[in-house]
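What TrEMBL records for 47-70, 107-130, 273-294, 301-320, 451-472 is transmembrane segment. For 81-102, 480-513, the entry in TrEMBL reads region 'Disordered'. As annotated by TrEMBL, compositional bias 'Acidic residues' applies to 84-93, 482-495.
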Amino acid sequence: MAAMTTVPSYTPSLWVRLCHALPRLDLTMQMKDNIFVPDSWEYQQTLLVLSSLSAIALVISLLVVLSFLIHYCCCHRGDRSEGSEEEEEDEDASTGHGYSGKKGRGICCVTWVAVASVTLCCVAIGIGFYGNSEANDGMYQLTSSLLTANYTLASIDLLISDTIAGLQLSISGPLASMEELFTGSKPFLVSTRNCRRLSENVVNLLSSISLARASVDAGLGNDSGISGASIIPLTPVPPSVAPTVVPTGGIMPNPFSPGWAANTLMVNEDYRWLSYVLLLLLDLIVCLFILLGLAKQARWLLILMTVLAWLALFLSWGSLGLETATVVALSDFCSDPNTFVLNSTNFNTGTSTDVLDYYLTCSRRMNSPFQQLLTQSQRALSNIHTHLSNLDRNALTQFPKAEKSLREVQQILNSTEGNFHQLVALLNCRGLNKDYIDSLKGLCYDGMEGLLYLSLYSFLSALAFTAILCSLPGAWRSFPSESEEYEDSDSESEDPFTSHQDSKRFLQWQPWL
């Protein structure tokens, strides 16, 4: 937590701190620390133990549902015999449908329990839709920040490539021609050779800046490195139209590439979002058809929904296990992300720790690791400009043929200085650090909140489906079958006194007749 005090505009949220403070146990039930080390088997054990809690809850739910099923199956015959005796005693007070008052109250209780469970499931579905949207917003902000950072790195690489290519062109072209023309004049020849030497020095200095080149080559699939002899210019692509990089074998490139990470996360997020939408729609369809089956007293429909409710129960507890492990792992990362990035070999291979620390913290007290290189390059470019100005004033009068080569060198120098000023601005830590902070906020604020809502949805839906599976068998078994309805209708039609007694009772309550 001490490292996060140096990161501006980001502090771990309350939910991150609470989840990060959860105790961790491995498979041997021994306490472990909560440092985010995803490659460690000990850390993975703690996540497995937390995920297994949902499996334990699933077993408890199955035992509860099984106990209710045993109750309905074993006690149904006894209830039927008691109900037949009560029907014989209360035959005169019955309504003609064969249900006693006690049995009617039992059916009403079971039905209302099912309705309440369906209502709770609908509430959980609403929470799930909101959580899925929040998680998607967080991942969108994360991927957008990574693509912006990748665009910045590509721009840095392009500026370095263009600057090096222009200086090399001036060395091999106009400066070489000027050396041949100034062979007879030693002062002009010395100035020309100094320009050549300074240009080569700038090329070597810019070639040593490896931040943008190492990351962008991995992200854009460029296997050839940039050196003084081989220049392959890259064109930066805006974040909205960044190329989609399909990872080879699902292995993280070394060193880490923001473009690769953004495209991989976008693909995985699409599948995650669609999976939750389908799960939520399945739960919603099951709940709606359960209400329809209870209203229509359709036994076959409730039996079908019971089967789907079993599937939804397993999916709810399973998703809760995955969400629990993800939330805890995310809280461990978000509590101190700088430490993980600095210690991870996927990030610091090819990039020094000082460079990573400079862009992650972006403290005013820290000097840029490229400051010395940029200062030396700026001085070299200024000296080149001074030598060219002297040649322009003194050499053209004696060597008019050198004017064309001198103007070409000056034009290349002007474009080089323009690229250099842009490079200095892009190498400042503020731009990339802002992208880093935005990605942390998207992942650790919106993403974390969305996962917590999804965990709440999974828990509530699992409880609701447990109650539904306990109540539905009692509901659809208490519905009158088609044979019972047919016998009741026949008995009413064959009784010659029922209609006469009902009409006589009706006439007694009409004084005007």
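Here the Cβ of each residue, glycine as well, is placed from N, Cα and C on the backbone.
Annotations in TrEMBL come from automatic prediction, not curation.
Tertiary neighbourhood of the transmembrane segment (451-472): same-chain residues 15, 57-58, 61, 64-65, 68, 110-111, 113-114, 116-118, 120-121, 123-125, 127-128, 130-132, 134-135, 276, 280, 283, 290, 302, 305-306, 309-310, 312-313, 316-317, 319-320, 323-324, 326-327, 330, selected by CB-CB distance under 8 Å and a gap of 6+ residues from either end. Contact count against the transmembrane segment (107-130) (Cβ pairs under 8 Å) is highest for 273-294, out of 47-70, 273-294, 301-320. Remote same-chain partners of the transmembrane segment (47-70), defined as residues 6 or more beyond its termini with a Cβ less than 8 Å from a stretch Cβ, comprise 22, 24-27, 313-314, 317-318, 320-322, 324-325, 328-329, 462, 466, 469-470, 473-474.
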